[in-house]
Structures are given as structure tokens and as C-alpha cells.
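Chemist: Heads up, here are the entries from TrEMBL:
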- B:24-470: domain 'Amidase' (DOMAIN)
- B:K78: active site, charge relay system (ACT_SITE)
- B:S158: active site, charge relay system (ACT_SITE)
- B:S182: active site, acyl-ester intermediate (ACT_SITE)
Amino acid sequence: MSLDPATVRRIARLARIGIDESDVPALQGELNGILGWVEQLNEVDVEGVTPMVGTGHAALRTRPDVVTDGNCRDAVLSNAPDGVGPFYTVPKVVE
Amino acid sequence: MSLTELTIADAASGLRARKFSAVELVRAHTDAIDALNPRLNAYITPTREAALKAAQQADEALVKGEARSLTGIPLGIKDLFCTNGVRTTAASNILKNFVPPYESTVTANLLRDGAVFVGKTNLDEFAMGSANITSAFGPVENPWKRNGDDAALVPGGSSGGSAAAVAAGLAMGATGTDTGGSIRQPAAYCGIVGLKPTYGRCSRFGTIAYASSLDQAGPMARSVRDCAIMLQSMAGFDERDSTSVNCDVPDYSAAVGRSLKGLKVGIPAEYRAEGLSAEIAAAWQQGIEWLKAAGCEIVDVSLPHTKYGLATYYIVAPAECSSNLARYDGLRFGERVPGDTLDAMYEATRRAGFGPEVRRRIMMGTYVLSAGYYDAYYLKAQKVRTLIRRDFTEAFQKVDVLLTPTAPTPAFAQGEQSDDPVQMYLNDIFTVPASMAGMPAMSVPVGLGATGLPLGLQLIGRPFDEETLLATGSALEQAAGFTHRPAIRAEATK
């Protein structure tokens with residue numbers, strides 16, 4: 001499997017990482033190097049093997065669906081890069 | 001002996017016997033940081049004033065007889081643990097001004113037991129690296145030197161700042177996190193002890209996530225006993241981490257020095273891999289002899305999927321990181337780079353905020369999870385991961401603990417290894433399999449190589465059997481009599 005420049009641009013877009021056209025060749029080379037190397041997993045017979053999610057030392061616990069950290073609005077907002085009053089701001093998304 | 005050369009165990013008794021005060025002990029370390037950190041760069045954020053204030057409170061507790069296990073002990077905290085009111089950066093520009101309004105469970109546990117934090121230690125950006133050269137705050141220098149050579153060596157990664165700080169006497173112990181070897185490999189490169197507990201033993205709450213199914217916090221210190229003391233405080237069930245395992249925390253210090261008579265030690269054939277340096281192979285053989293002499297039975301075992309550990313890791317970890325790091329979008333916290341549209345803001349923010357290694361891993365992860373490639377890469381890797389765990393489970397039916405090298409070579413110089421990411425990833429070849437399987441593992445320094453650099457051996461144990469690691473590690477430590485100290489250290493600057 002080998003990534004072409006269009007795929008590199010598409011991955012960057014999906015990952016929301018801005019890239020310049022001049023970044024594409026280097027990224028293509030590095031990602032292809034890693035992907036070529038992980039191809040060795042094709043040697044392994046995984047027929048009938050259950051995929052491992054987490055390490056299986058314990059079942060995931062659930063908790064009641066209730067608010068447990070209420071009344072700390074100011075703490076939650078304290079690191080907002082651009083806030084107005086009790087709100088986060090974003091660039092306009094609807095014209 | 002200088003206060004910066006003491007073990008945690010000896011300092012704790014010294015404080016109780018009033019041989020010195022907590023303020024004196026902490027000041028010795030903050031002075032050492034002032035003197036050496038400009039060179040070593042082991043700390044991103046030293047916290048001298050807060051530490052001295054905490055030391056005064058520790059002295060008051062000591063006077064009142066209210067001291068706990070770590071009262072007055074100066075520790076470094078990897079800058080991946082959120083600390084309430086103290087900047088926590090993950091060594092990334094995207095979090096360079098992030099001040100958490102809450103405390104991670106592990107650091108809260110250490111504070112509960114009286115520890116004094118002297119600063120936040122440097123690391124690879126978001127813990128992604130094996131040499132501590134990807135930090136946005138610059139590389140860390142290993143305090144060790146090759147014989148007759150002043151080249152700056154890497155401390156290993158990602159907990160390289162913690163390892164360098166402990167080795168150089170800028171902290172008595174430090175927290176690390178280990179995703180694929182990030183505690184054990186830097187411990188080996190810096191000649192200290194590092195323990196990655198069983199996945200689920202220490203809470204991950206408030207630890208900045210890299211790869212959630214692998215990340216685990218653990219102690220780094222200059223002796224096995226010190227690691228036991230720190231782990232005692234760090235470990236335990238936490239409601240706030242859904243992967244925290246609710247089982248009893250045993251008395252770890254009691255395991256240190258325990259008899260090894262009849263213990264079965266497995267030697268996995270597959271760890272005699274290509275690229276293993278001759279001196280590390282020799283240290284491994286020496287370790288086998290020492291454990292034999294301590295009454296262990298040596299058993300050859302096979303972990304047939306060992307060679308696939310790294311390739312599996314470099315699918316699973318990036319997949320999880322691409323998901324975990326999606327939260328850094330310039331919206332709720334972190335540095336924002338403005339853009340005309342929401343997407344343009346995301347893209348500009350993430351390009352400016354993340355370094356090349358982090359961007360590369362996010363993109364790898366995005367690709368292996370993308371439509372059309374999920375089964376070929378991610379699902380396949382999860383299945384291989386099952387086989388890697390099965391190897392360990394089968395081996396542990398025959399033996400109690402495994403002994404292997406920690407890293408294929410001693411520390412290397414900054415810029416000495418190739419720019420090829422795959423070459424850099426090979427440093428973790430011996431540590432990654434235990435991480436994939438969630439097993440506890442530790443690195444113990446056992447000697448110096450031909451160039452005068454420390455060599456570490458790794459012990460891998462059964463799930464939740466950190467006690468056997470500590471018992472076996474202390475036997476290795478005792479037999480090795482590792483008292484070597486690095487060229488650059490607090491004591492040597494006096």
C-alpha cells in the first residue's frame with residue numbers, strides 16, 4: 001500500500017491539520033515508510049482471533065448518568081483562548 | 001553525604017530523626033535545579049517558591065508527629081500530570097499556557113502523602129518519542145557522559161526529564177508515564193529504576209492522554225525500595241477512571257528483599273534480537289547468573305509474536321492519539337490561531353500547536369482508522385495484540401517473571417540516530433510488548449558498558465504482581481551493587 005499526494009492531503013484534512021503543498025512530499029515519504037514497515041503484520045495469521053480492546057484486566061465500569069462536577073463554570077472556562085462572558089467563541093459558521 | 005544523594009527511604013528516616021529539616025532537604029534540590037537545569041533542561045517549570053512553602057508545612061507536620069510516607073520528600077512531576085494551578089504543558093506549544101483547575105489523581109495521592117513537588121519535568125511532546133528530543137521546550141541532556149567524551153547524550157523518552165532529574169539529584173524521585181516504554185527506557189539510559197505498573201493499577205485521571213489503552217503512570221527513583229514507596233502512594237482504585245481496577249494494593253515495601261528461592265525466571269528467546277549490543281547481551285547473561293545464585297530457576301520460554309509488537313504499537317497508539325488529540329482545537333483551551341472559518345481555525349491551530357512527530361502520529365492514526373483501511377490496519381493490529389497478550393499469558397503458566405534487556409543499546413548522542421522515524425521507534429523494541437499486553441514491568445540498572453554508560457535489565461511480571469518485580473529487582477540491584485553516579489550531578493557541582 002502506498003499513499004499518493006492526494007491521499008496525504010485528504011488525511012491532513014480529516015485530521016484538521018493544515019499543511020502546505022511543500023509539506024506533502026516529506027509527509028508522503030515518512031508515512032509510506034511507516035506503513036511499509038507495519039506491512040510485516042500481514043505475515044501473522046489472525047484467523048479466528050478476537051481483537052483486543054483495552055487490556056482486559058477488568059470490564060469497563062459505568063456510572064449513573066448524572067452531573068458530578070457541577071458549579072465550576074469559571075474553572076471550566078478558565079483556559080478558554082477567547083471567551084466572552086460565560087461563553088466560548090468560535091468564528092462565524094453560518095453566513 | 002549530600003542531601004541530593006540520599007534515597008527516599010533514608011531521607012524519610014533522616015527527617016524523622018531531625019538530622020535535617022524538610023526545608024533543608026527541599027532547598028538542596030531547588031538549589032541544584034537552579035544550578036543545573038539551565039544545562040540539563042530536565043524541568044520545564046521549576047516551582048521553587050511553592051516547594052519551599054510546602055517544605056515548611058512538612059516540617060510542621062514532622063514536629064507534630066503527623067508525617068506520612070513521603071512527607072518532605074522532593075519529587076519531580078512529569079509535565080503530563082495536571083497539577084492544580086501549576087502550568088501543565090505536555091511539552092507542547094498548544095498547551096504552553098494551560099493551567100489546570102484540577103489535580104490528577106496520582107499527584108493528589110502523592111500530595112496526600114506529604115510529597116513536595118519541585119517542578120514539572122520535561123518530556124517528549126505528548127509523550128511521543130524515545131529520546132526526549134521532540135519537546136517544544138527543547139531537548140533534555142542526559143547527565144551521564146561517555147568516557148572521555150563530552151557529547152550531549154539523550155536521556156531516553158518520553159519521561160526523559162524525570163529520568164535526568166532523578167539521576168542528577170534534581171529530585172529524589174519522579175513520576176513518569178509509560179505508553180510503550182517511556183518509563184523503562186529512560187530509566188535504563190539514565191541509570192535509575194523505573195516501574196510501569198499493570199494497566200489499571202494507577203489512575204489515569206488528570207494525566208494528559210496519548211494512547212488510552214496503553215498509558216500508565218509509574219515511579220522513577222534511584223532504588224527499587226524508593227520505587228516501592230512511591231508506587232504505594234500512587235496506586236489505587238479511582239472512580240473517575242473507568243479503566244482503574246478495583247483490587248487491593250499490597251504492601252510493596254515488604255516485597256523488597258523478599259527471598260527468591262524457587263522463583264521461576266523466564267528467558268524469552270525472541271529478545272535475542274538483531275541490534276542487541278554485545279555489552280547488553282553480556283549484562284543480560286550476568287543478570288541470569290545473579291538470579292540463579294539468588295535461588296531462582298531459569299527457564300527458557302518463547303514469546304513468538306515479540307517481533308510484531310512494535311508494528312502493532314505504531315498502529316494502535318497513533319489511532320488512539322488521533323482520537324485523543326482531537327480535543328486540541330483552539331476552542332476551549334490551548335493556544336488558538338485565528339482563521340476565517342471554523343475549519344481554517346482548527347487547521348491553523350493544530351499546525352502551529354503540534355510539532356512534527358505529533359502531527360505525523362495523528363495523521364498515521366487518522367489514516368489507519370479511515371474508511372477502507374480500518375480492517376486492514378487497526379482491526380488487524382488489535383488481533384495481533386491479542387496474540388501478543390496470549391504469548392505472555394502462556395509464558396506465565398510456566399514462570400513467575402521474565403528477564404530481558406530494557407533497550408537494545410545504551411544512550412546515544414543527540415542527532416546521532418537517523419532521522420528515519422522507524423529507526424527511532426526501534427529503541428522501544430523490548431519495552432513495547434509488555435505495554436501491549438498491559439503487564440507490569442520495570443527496569444533496573446545493573447552495570448556500566450564499555451563506554452561508561454549505564455545498562456538496564458527489564459523484568460516483566462504477571463498482571464497486578466508488581467511485588468515479584470520489586471523482589472526480583474531488589475535482588476538484581478543488590479547483586480549489581482550499582483553505585484555509579486553520572487558526571488553531571490548536584491553533588492559534583494559543589
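Just so you know, glycine gets a Cβ as well, placed from its N, Cα and C.
Nobody curates TrEMBL annotations by hand; they come from automatic prediction.
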Chemist: Measure from the Cβ of B:K78 (active site, charge relay system) and count the other Cβ atoms within 10 Å, all protein chains considered.
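Modeler: A 10 Å sphere around the Cβ of B:K78 (active site, charge relay system) contains 33 other Cβ atoms.
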Chemist: Sequence gap of 6 or more, C-beta under 8 Å: which same-chain residues meet both conditions with respect to the residue listed as 'active site, acyl-ester intermediate'?
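Modeler: Residues satisfying the criterion: B:L123, B:D124, B:A127, B:S130, B:G157, B:S158, B:S159, B:G176.
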Chemist: I'd like to know the mean pLDDT over the domain 'Amidase' (B:24-470).
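Modeler: For the domain 'Amidase' (B:24-470), the model's average pLDDT rounds to 96.
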Chemist: Please report the DSSP secondary structure of B:K78 (active site, charge relay system), reduced to three states.
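Modeler: For B:K78 (active site, charge relay system) - judged by DSSP and reduced to three states - the answer is strand.
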Chemist: Inside 10 Å of the Cβ of B:S158 (active site, charge relay system), count up the other Cβ atoms and send me the figure.
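Modeler: I count 35 other Cβ atoms within 10 Å of it.
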